[in-house]
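Asks: Before I ask anything, here is the structure I am working with.
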């Protein structure tokens with residue numbers, strides 16, 4: 001409203017044409033969004049039943065069910081569960097069978113959509129010849145690489161063995177003895193510590209201060225902290 | 001591509017093709033034409049899955065590919081449209097129509113083609129024969145020739161058509177392709193001269209029954225490999241369902257049933273005869289059929305209707321005078337030339353739909369105001385109250401409710417250039433076409449909501465549904481292996497009585513929701529036909 005109209009009770013539109021009479025109050029202002037499910041004043045009509053409607057319904061549900069079993073129903077690999085389970089290894093091969101059932105006519109699709117099947121276990125259901133050859137080549141390459149790695153490892157191992165034979169003949173015996181001693185000491189210490197006074201605490205952990213004062217008898221010059 | 005349409009398409013793709021195809025499909029719908037790399041990058045799926053989904057979409061005609069915009073060297077672009085995916089709602093109706101026209105064989109042929117998208121004739125015939133043999137008694141099987149004849153009949157009446165060959169975009173490097181890359185519009189199936197020609201096919205045999213025995217399976221595998229290597233003379237020729245032809249059929253049926261409801265059975269028979277005679281001569285986008293003389297109509301009436309000639313003339317005059325304007329008179333030669341006004345009939349049917357929507361939502365008095373505004377175009381508030389004979393206060397209320405729902409619009413006519421409210425006329429008006437479009441979008445939203453509610457209900461009772469499925473499987477295997485009745489009853493009792501009640505209630509709800517989807521689709525068809533008919537006549 002303009003400032004001039006502050007004292008006068010005029011509205012910006014003519015009252016008659018819109019149809020508000022004197023004394024009638026305007027409807028209350030809305031102060032929140034309209035409800036999500038407003039109340040319906042009229043009840044809706046019931047659905048038309050009849051044979052045709054039922055047959056159409058049956059057709060629809062059958063169609064939906066049939067589509068789920070066709071190869072064009074693509075399901076991604078099942079999501080990983082929270083914990084790896086032993087049976088995952090055996091379940092993963094179940095779902096992927098449907099994908100290869102359908103052999104499309106590749107001339108009707110752009111070349112970039114061709115998927116090369118890389119399953120050496122399958123006997124070439126829908127793998128083109130060139131694809132099989134490239135798969136074989138890749139397998140050969142991998143095998144060759146593996147062989148090379150194995151050969152390298154063998155040579156390294158032989159070298160190590162030769163070195164160790166020359167140098168460590170003596171060391172080996174010494175080491176063996178040391179190990180035995182250590183083991184024995186360990187056992188003794190173990191027994192000593194654990195069972196000396198039948199406590200739960202390992203004795204070496206507790207320092208009872210006997211060594212403290214004895215060491216400093218030689219040098220009186222140094223301060224004792 | 002409105003938001004409601006995209007949402008509905010997403011739900012339909014999810015139900016019929018899985019969530020991977022749904023993701024790719026909705027992405028294509030939202031973003032327009034894109035090439036493969038962009039799709040992979042933006043959807044975040046693996047390369048293999050995206051490729052497979054695109055193949056599924058192309059196979060079912062939901063996605064078209066063409067060479068890129070920048071010339072023959074750029075990567076192929078894929079684009080998708082809402083229309084084709086929304087047809088999935090109407091599949092049951094197509095199958096049912098094929099059944100009424102061509103029997104069970106026709107029904108199965110159309111169903112197979114709808115499930116697979118594109119198929120060769122030989123493949124379809126074999127699959128359908130096998131399915132029919134499955135349902136027949138022991139020892140009988142379906143001959144391929146019967147199925148082939150049903151297929152040919154469907155092709156002759158244009159219900160099935162050949163798929164167009166992929167455009168030059170499929171092999172951009174191939175030399176000798178025609179100058180198709182220049183045109184951005186993919187060729188329609190109708191542009192090929194052989195569109196409706198049945199290929200010469202050598203296919204002799206009978207349907208095969210699926211045997212349960214093990215050695216039967218080995219034999220079947222051996223036979224399957226042998227058959228796959230046979231050529232039947234129709235390689236590379238793929239068939240698809242011609243949706244436009246089915247739509248014309250539905251439109252004719254709607255007009256005939258409207259005439260039957262408004263007038264009587266005989267008039268509807270006359271209109272049916274007229275439409276049947278002009279099936280081949282009328283183009284799909286025609287405003288009205290070719291003029292038919294009364295003599296021709298008289299001769300073509302079915303033999304069971306023995307109407308004498310003067311009575312037929314009276315019926316035709318009645319049809320012409322009817323305010324619904326289904327039939328019009330186009331001349332006097334040959335005893336009177338009559339046409340069926342197709343576009344006007346569709347407009348009237350759409351108008352009747354709008355009126356009934358207002359009536360069911362707001363009451364009969366609001367419907368009276370709505371009809372009044374449709375007929376009188378522009379009316380002031382006072383005039384509305386007078387013509388509708390409704391007290392002022394209530395009329396004002398109803399008008400404002402309709403206005404807030406956007407079914408009625410306000411037109412301002414100023415007396416002065418400054419549009420001062422006290423010196424402006426405010427007229428109420430109804431525009432049929434925008435209102436029809438708005439209701440069409442509401443219908444899409446309704447179907448999407450129905451589907452979501454159905455999915456929600458099944459998810460709520462998923463545990464119960466799985467349990468009942470397992471028990472059914474156990475029962476079936478027990479019965480097959482021949483168990484005693486006590487064992488069967490024991491297994492049946494594993495489902496308790498309240499659970500059974502819950503399952504029955506769930507089944508009832510799901511059936512209701514599915515049936516409601518089918519019925520909303522009928523309204524969608526009417527409104528879509530009306531909107532499309534106005535588009536072709538003005539544009």
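Backbone N, Cα and C atoms are what each Cβ position is placed from, and that goes for glycine too.
Curation does not apply to TrEMBL; its annotations are automatic.
Just lifted these from TrEMBL, have a look:
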DOMAIN    B:8-66  domain 'RNA polymerase III subunit RPC82-related helix-turn-helix'
DOMAIN    B:150-349  domain 'RNA polymerase III Rpc82 C -terminal'
REGION    B:166-190  region 'Disordered'
COMPBIAS  B:166-183  compositional bias 'Low complexity'
REGION    B:210-231  region 'Disordered'
COMPBIAS  B:218-231  compositional bias 'Basic and acidic residues'
DOMAIN    B:354-430  domain 'DNA-directed RNA polymerase III subunit RPC3 winged-helix'
Asks: Over the domain 'DNA-directed RNA polymerase III subunit RPC3 winged-helix' (B:354-430), what is the model's mean pLDDT?
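Replies: It averages 92.
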Asks: Helix, strand, coil: count each for the residues of the domain 'RNA polymerase III subunit RPC82-related helix-turn-helix' (B:8-66), based on DSSP.
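Replies: Helix, strand and coil residues of the domain 'RNA polymerase III subunit RPC82-related helix-turn-helix' (B:8-66) number 44 helix, 6 strand, 9 coil.
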Asks: Mind tallying the domain 'DNA-directed RNA polymerase III subunit RPC3 winged-helix' (B:354-430) by DSSP state, helix then strand then coil?
Replies: 46 helix, 14 strand, 17 coil
